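Working notes, beginning with the structure itself.
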């Protein structure tokens, strides 16, 4: 049922097309920035539904306009639409997130769980252009750095603290993702259909991937890019498509620089594009297909080295490594993602898409097959977790749940359009009814994408800033993470040293996102650089805590195989000792970490070698 009339873009020069799409990117970015600036002037209380009311009404208008543009080829093909559609999509994304978060400088999730290390990375790259680890000193970056590096550089250019730039950078990224989806789909289907699919993509992104914007930047255009690569790799008789092969390689390389799981997933898809058989074709055709797929992969690998080269060189030099990143299995990674069975507007659209893919597998294969293979590959990724459990790993398949939902939604939109066009030939009035139904479904999906009562929104208003105050203006001194400004003042008074030159042990998350201190240990092994030797560092911390006196502690610090901390930010105990939390990997248990403490008796810092201060609930010991 998926339409086969995969129209190329309107006849226009390549230069004009590039200029118009670049204009769309500028329009999307400008729309996002202007709206965020305007929304930042609002003073709405929290909690409130006032912002939701404004966002809902505005999105109803935006969805209606976009559906109207997508209902006629002449309108969708125009230069105004090419530039304007990305701006409208950006407005839709920005209004929802901007109004829900207008009273806080944190993004969704505040500084909790995964947002803690993401904000820390941005703070790191706001302080240096070097591809260094977000936490450990003297280690190359391991977490794919492209998005964070660019955001950090922009934050530094604008004089904005990295932690404060994370929110606007994330929202802007979601707007760029909507633009990328719009451009990619215009290379696959007619402009009118591209408008509607891009609108659906923006709505899906709000619901399933807003908390991880750099991942959505890759997922949003992935279905369209997959179709283009599928055709290019399998172009046996229809002529080669070097531009599509090169574009697929660039996409794969950007994915490797941004989100390695998605890069690996898409790389497998590229290989499948070569090996999935075509009825009536000789097996010999697989050889040139594999060659074309290999070209895509080679381009991707070459680009990946832009970010990964320092880490690869360190590994090749023989440095020991151990990664804990894949030792994580939440409930949504254990259960397969089946969005087509959800009782929601998008769930219904996914079901329509699944039916369209199945019915079009043989008759309309140019779109149905690549989308179907992409969806099946996600399910195979879930199945892969079982054998990986035997070696103490998982496939992290839950991170790919947005991919299968988006693939089925896009297929659903295209199938619904095809059905409407077929019926319209007999009942012209169906066109208007179809447009109204499309607008209602997408508007309902947008309204339900992010709940104002959700945990991520609440956390963005509760977590204290590095200033100690919460977004609502209060200061709760009973929270141990509300003492960051006093901790910073104590450390700088005792050291007179920039944060970038200090290694510290302990302290709240805000301490590490406020300024780019180097932690001796990462907050959890699953974020830690594999080169860091996480377990050995834990043992080293325990050995320091077990020293007999200050002199022995100093000797052990000096003998450390890693740069030892100069600053200790420990939780003060009633007996005068200070403790720091140690995290142990206990996978496959849930949760996958266990917590212990290392206790430093007061006598270990009773020496002229240390300056000791009490700061709220903390004991701050600084080596002179």
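Glycine is treated like the rest: Cβ placed from N, Cα and C.
Between the listed ranges 128-146, 147-165, 223-241, 432-450, TrEMBL ties the annotation transmembrane segment to 432-450. Counting Cβ pairs under 8 Å to the transmembrane segment (195-216), the stretch among 46-69, 81-101, 334-359 with the most such contacts is 81-101.
Contact count against the transmembrane segment (169-188) (Cβ pairs under 8 Å) is highest for 81-101, out of 81-101, 334-359, 371-390, 432-450. Sequence-remote contacts of a segment are chain residues at least 6 beyond its ends whose Cβ falls under 8 Å from one of its Cβ atoms, and for the transmembrane segment (396-420) they are 1-3, 185, 189, 193, 196-197, 200-201, 204-205, 208-209, 215-216, 219-220, 222-224, 261-262, 265, 325-326, 328, 330, 332-333, 337, 339-340, 346, 348-357, 360, 367-368, 371, 374-375, 378-379, 381-382, 384-385, 430-431, 434, 438. Sequence-distant contacts of the transmembrane segment (81-101) (same chain, six or more residues past either end, CB-CB distance under 8 Å): 20-21, 23-25, 27-32, 35-36, 39, 42, 51-52, 54-55, 58-59, 62-63, 65-66, 69, 75, 107-108, 167, 171, 174-175, 178-179, 182, 186, 191, 195, 198-199, 202-203, 205-206, 210, 446, 449-450, 452, 457, 460. In the predicted model, the domain 'Arabinofuranosyltransferase AftA N-terminal' (25-422) shows an average pLDDT of 93. When each of 18-40, 334-359, 432-450 is scored by its Cβ pairs under 8 Å to the transmembrane segment (46-69), the top-ranked stretch turns out to be 432-450. Beyond its flanks by at least six residues, the transmembrane segment (371-390) meets 2, 222-223, 226-227, 230, 265, 268-269, 272-273, 276, 326, 329, 333-334, 336-337, 353-354, 357-358, 361, 397, 400-401, 403-404, 407-408, 410-411, 588 of its own chain at Cβ-Cβ distances under 8 Å.
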